[in-house]
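Participant: So that we are looking at the same thing, I have put the structure below in structure tokens.
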């Protein structure tokens, strides 16, 4: 008796996303290191000088981490309430941060106590930054005002109250110490010049603005608010260039890659989108476990740091060239030469008796049921695998085997409402997949033949059958349109191809006659 042959699972080509250079670049990071903070991570900022430490603002503390340290190298805890927006100065020696108690504090990175305290705001200060000359500080507050402060004297230089709602983001110019831009919950962006008494440019984002980003050339401004990321041309008076809507929740943070060719946006939908800055198309997507509040990239994109609402700080470091290529440290240890050649030169003698060890056969659950001819249970076992792994290959292979045996109709029959709904749900998800259509279309016809008498007794089954009908009708319409397009293309190709002359064996003939026959006529026919 022949042994039972397990069901052969056909390997189908995967319909995954195309692997591009961006995919390889942004996936070339080690697994994330997760650090538990004291509160939601609202701000992350990298120091512009080596070794590029980064400041993390969470609850009432500011932690400064080294590039590869898992513990903070410095903690600034002189806050009575929630701290906001810690920013490094361009020399990396000073750090400024706002607070819920409306006070702005200036710290020396090498110390712990605040060097200066700036008082004047009446509500929480959630925007702070240094100007390009390093001697002034720009702040924005929930009291609708933005201000410039003199660093040596701790005095207020300018005050602007043009916004009508909270100021939650801002950025200063690195090329002109007098320019800075604010974004507010009143949906507007305003460009200020310290030499003027009011704003010099206003743009309407259309949603509460959460984050601003200025390109290194400072000709383009990027704003994030609501589900939209918008790009503005400052050289043309704030003209909108493009509006991106790739997130399905509020966008909270923006940053640029080190070469300025990729724009990153983080959102409460737990995704980080990577855009190409030439055409603003999404080239990659990063997923995280919780909603993202802050995002930062290290110089040369060596690290991606993300702060989330669940108080987790996620750090991904770029792999070294040896780790990317699977260097010697990543290779498995190979057996020694003496062990690998052991027994290979042994020649059996004529009187030797070979004792073969029986090979134990391991069958899948559906194969065990097929071996016992329990066709319904075999189909149920394949259905369980599909529900658990969402891999339709096994389910399709079992159906194909049942069809080969001629027992597919028996396996599909005799099911209750729940079992029939599971089968219809599988068909709805895979019947239009070109890999499975040749197998699943006959299955759908068998289900209709078997259960045609009970149609109308279950609203759930009727609803799924109507969905299946609509899906098949749409697919047939798509196929017909595709065939029409292919016919049009064939006609265009045929008309545009150069015409080839077909050589004749005897080109001297005229109208198929030999030279002697040209001009001769047939004799007239005489009636008898």
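Just so you know, glycine gets a Cβ as well, placed from its N, Cα and C.
Relevant sequence annotations retrieved from TrEMBL are reproduced here:
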- 346-492: domain 'U3 small nucleolar RNA-associated protein 15 C-terminal' (DOMAIN)
- 316-339: region 'Disordered' (REGION)
- 504-528: region 'Disordered' (REGION)
- 118-159: repeat 'WD' (REPEAT)
- 244-285: repeat 'WD' (REPEAT)
Participant: Averaged over the domain 'U3 small nucleolar RNA-associated protein 15 C-terminal' (346-492), what pLDDT does the predicted model reach?
Facilitator: 86
Participant: Over the span of the repeat 'WD' (244-285), count residues by DSSP class, listing helix, strand and coil in order.
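Facilitator: Taking the repeat 'WD' (244-285) as a whole: 0 helix, 23 strand, 19 coil.
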Participant: Would you list the DSSP helix, strand and coil counts for the residues of the domain 'U3 small nucleolar RNA-associated protein 15 C-terminal' (346-492)?
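Facilitator: The domain 'U3 small nucleolar RNA-associated protein 15 C-terminal' (346-492) comes out at 107 helix, 0 strand, 40 coil.
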